């Protein structure tokens, strides 16, 4: 268990910056300022999050009580005040500049807050306010009336990665800043040789494996838990290992616990599984054709081979100046090689892969949020959920693919592609996604992506770098640039 810093300081520079590398070995400088003009999701505005995205979409409600009318005014709300919330939570919402519920929140909050508690399965794209919805529900169900209650876990939120867990903690601390006695703990993999101490907090945010281990070792008491939330639920229920861990965690919890599942995507087979994990649940769904990522110009670069990919990447960054960007790679070895080459060219970069210890990972993401590293090289650790408002370019150095041993051909991972490029152009901003293609198999996967999303990914000729520079710079400047995909 690791205690989090107060929300006000969560995005400040972290002294543990040994994974931030500059060409001359010096400490990087510069920070980015964020504004809190609008409601934000997933990170709070105070933590560098992006503004809420409110496109024209409708929210479909399916109630577990088939006799009930989902259009009844009881199942919709137009103001936070109408929900009968604790005034201190309303004060926290006001401090976060939450003026009114988002469309998802309008429908989700009455269902979540109703008593007796009912399970909820919500499918909602990033930037629609789902994080705030499940956090508000969790805070509303806490009993903080005694010191003992304040030290007893009552709400458990599971996330697939350490980074997303820390981001959720920041939202909880911002929203609950006026709740006396609110303590939040993280249950994430500890650094080498460190031991988890007993959790004495009312809210716990963590990863499934660590939470399961803590409960079994009695480091965390689970018999008073009232709410279980899975964020990025499709990823956790579908991914080998994580799904089993989630089931084992749930088996250790009270039978009457309220289960809340939220994710941007729910493939059919995962949705069927989710219905068993959260039985008799109310359901919220965005119409599938409305699931779009707006403001992202999709491009691809032809490279002759793997070595040419390295050279092309270095040349690309030699041309461009962007606020922040993320490079997604398949392996840790590729991440290390790219980091070495880019540092040699004078770029300030950070590398974040699964092999990095916990405190170092925290330092890397904090420095990237603060703008002290402009380029982040990562595997799929950051493909989901993480919100850094300054990211305007994502590089698919390796196209995401499904792990299918023995398959006749390589298969693109559509959901990971969608989540990856969703790191840029977030919530109405403009961004660029560039995929690298160096052989026929990679071209086939890129073509699969175009067919699946019914979109066109524009080829950029690397023989004409003036054209490359012109296209990308114009795209970033053009606030109307959009690429939409739906299915």
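Note that Cβ sites are derived from N, Cα and C of the backbone, with glycine treated the same way.
Feature list (source: Swiss-Prot):
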- 124, 125, 126, 127, 128, 129, 130, 131: ATP binding site (BINDING)
- 111-284: domain 'Helicase ATP-binding' (DOMAIN)
- 295-468: domain 'Helicase C-terminal' (DOMAIN)
- 78-106: motif 'Q motif' (MOTIF)
- 231-234: motif 'DEAD box' (MOTIF)
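Structure coloured by features recorded in Swiss-Prot.
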residue : record           : CB count, 10 Å
124     : ATP binding site : 28
128     : ATP binding site : 26
129     : ATP binding site : 25
130     : ATP binding site : 25
131     : ATP binding site : 29
For the motif 'DEAD box' (231-234), residues assigned helix / strand / coil by DSSP: 2 helix, 1 strand, 1 coil
